[in-house]
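Colleague: Encoded as structure tokens, here's the structure I'll be asking about.
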Amino acid sequence: MGLLEPRRRPGRAPALGPADHRAAGDPAARRTTTRRADPTHRRTHMSTDAPTDRRAPIRTLEDLAVDGKRVFVRVDFNVPLDGDGAITDDTRIQAALPTLRRLLDEGAALILAAHLGRPKGVDPALSLAPVAARLGELLGRGVALSPEVVGAESTRLAAALEPGQVLMLENVRFEPGETKNDPDLARAYAALSDGIFVNDAFGAAHRAHASTEGVAHHVEQAAAGLLLQGEVETLEGILADPGRPLVAIVGGAKVTDKIGVIDAFLERADTILIGGAMCFPFFKAQGHEVGSSLCEEAGVEPAARALRDAELKGCRLLLPIDLSLGREFSATTEQRDLDGVDTPDGWMGLDIGPKTAAAYREEILGAGSVFWNGPMGAFELEPFAPGTRTVAEAVAETEATTVVGGGDSAAALQQFGLGDQVTHLSTGGGASLELIEGKALPGVEVLRQA
Ligand SMILES: Nc1ncnc2c1ncn2[C@@H]1O[C@H](COP(=O)(O)OP(=O)(O)O)[C@@H](O)[C@H]1O
Ligand SMILES: O=C(OP(=O)(O)O)[C@H](O)COP(=O)(O)O
């Protein structure tokens, strides 16, 4: 995703859907094992190797005393802007409101820190001014913006704060020490507060930066905000104790970026549904023709290994059985359906076909829990949106617990007007994937109780 592009909810007895019957009798379904999803099935290793089992709990707002205190709050307000610098999607600002309102209601004054884009030094186009203005509207109170990140002016403005007031610092990435996790900068952040740090920036929790990780070492109290806490609990929950069957849908463009996620789900999921350009390295590994489809060469070997691992681990890894083809990556390109997956020369697969979409829909409707990351095709091109739309509608419709891991799948859900019909729509793309992979997120680890 581009820097300023959009960032982008009980289980039922899972009946075997028609897709199971069709696929079980149909070698073209390319499932690598024939084991059926069994709702009573719990892998024994589930309880032993969930990535977070051994970690201490995270400190939360319950652990803080903020009345009459100035609190340094890190939020992820990395929102998309249009060419005129106007915010086109304020989801991330809205998502932080419960934390901010609660701290204000408890008598705190807030010093907010956030990044926008990836500036190299000060860049007026990436000022947080429009964000401060929008936050002020949403909170119904003024939000002052310091013209700098740290320095005499920020110190003066922070010192003058009364309970209930909000000060936003300029884009923390205007300071070169931010992304280097410079301890002096981290100390300067802490000094603006009364020794209290709240991290609610889940989308940036995979970054060990001065305002996400470093500052926590220089305050007396550090805790997770409600958003970060909810994100971590939900994502860890779907790994540790998912409703069965657990169906993971992995799409998008690059296997190499998401092989860690596929590996994590090979250990835990009952079924993995592969879509998007992600399927072509799998097809290549199986000896199929991919035509001029986007097929990441470096993904072929990991895909072959994932196919072998799926057999070994008894995870159903399903690949498309039909495709929607175009001549080129364009909304106006010549289009045809392919019943099968051997893509002819001069054509590229730009979406899963209707049979695949219908089969994936049945898997999702029969799931106890669903995790989705990555679109099923080039959904931003209307002719190639139907596969992603069918999956999005099934994710919205299923009674399963549904977790969508940010990024383009979250954008797709919003595009189809279904963003509010899932159990959990993550505000973090990279952060949610790293957490699912079992990686430690620095911005979360630093909040664990000693
Ligand atoms: N078959 C395909 N061919 C080309 N591009 C595709 C195809 N399927 C999906 N894509 C592209 O993949 C991109 C999203 O991939 P990715 O960044 O991996 O997803 P996410 O942001 O959800 O992690 C979209 O821009 C979409 O156009
Ligand atoms: O938008 C973000 O990440 P995401 O695109 O992975 O959801 C976060 O604000 C982190 O931004 P960064 O990837 O510039 O550190």
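Note that Cβ sites are derived from N, Cα and C of the backbone, with glycine treated the same way.
Look at TrEMBL and you will find Asp76, Phe77, Asn78, Arg92, His115, Leu116, Gly117, Arg118, Arg173, Arg207 tagged as substrate binding site. The annotation (2R)-3-phosphoglycerate binding site is assigned in TrEMBL to Arg92, Arg173, Arg207. Residues or ranges marked as ATP binding site in TrEMBL: Lys258, Gly349, Glu380, Gly406, Gly407, Asp408, Ser409. TrEMBL lists 1-56 with the feature region 'Disordered'.
Can you tell me where each of these features sits in the structure?
Modeller: A 10 Å cutoff on Cβ-Cβ distances gives Arg173 (substrate binding site) a total of 23 other Cβ atoms nearby, all chains included.
The secondary structure of Arg207 ((2R)-3-phosphoglycerate binding site), as reduced to three states from DSSP, is coil rather than helix or strand.
All chains included, 31 other C-beta atoms sit within 10 angstroms of the C-beta of Ser409 (ATP binding site). The secondary structure of Ser409 (ATP binding site), as reduced to three states from DSSP, is helical.
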Colleague: Find, among the binding-site residues listed as Asp76, Glu380, Asp408, the one whose Cβ has the highest number of other Cβ atoms within 10 Å in the structure shown.
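Modeller: For the binding-site residues Asp76, Glu380, Asp408, the Cβ with the most other Cβ atoms within 10 Å is Asp76.
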Colleague: Rounded to a whole angstrom, what is the C-alpha distance between Glu380 (ATP binding site) and Arg207 ((2R)-3-phosphoglycerate binding site)?
Modeller: 29
Colleague: Taking the Cβ of each of the binding-site residues and counting other Cβ atoms inside 10 Å, which one has the highest number: Gly117, Gly406?
Modeller: Gly406
Colleague: Are any of the binding-site residues Asp76, Asn78, Gly117, Arg207, Gly349 near ligand 2, with a Cβ under 6 Å from it, and if so which?
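Modeller: What lies within reach of ligand 2, judged by Cβ under 6 Å, is Asp76, Asn78, Arg207.
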Colleague: Taking the residues Arg92, Arg173, Arg207 listed for (2R)-3-phosphoglycerate, what is the greatest CA to CA distance in Å, to the nearest whole number?
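Modeller: The span, Cα to Cα at its widest, is 18 Å.
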Colleague: Around the recorded (2R)-3-phosphoglycerate site, report the further residues of that chain (criterion: Cβ within 8 Å of the mean position of the Cβ atoms of Arg92, Arg173, Arg207; site residues excluded), sequence-ordered.
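Modeller: Output for this site, in sequence order: Asp76, Phe77, Asn78, Ala114, His115, Leu116, Val172, Ala201, Gly203, Ala204, His209, Thr212.
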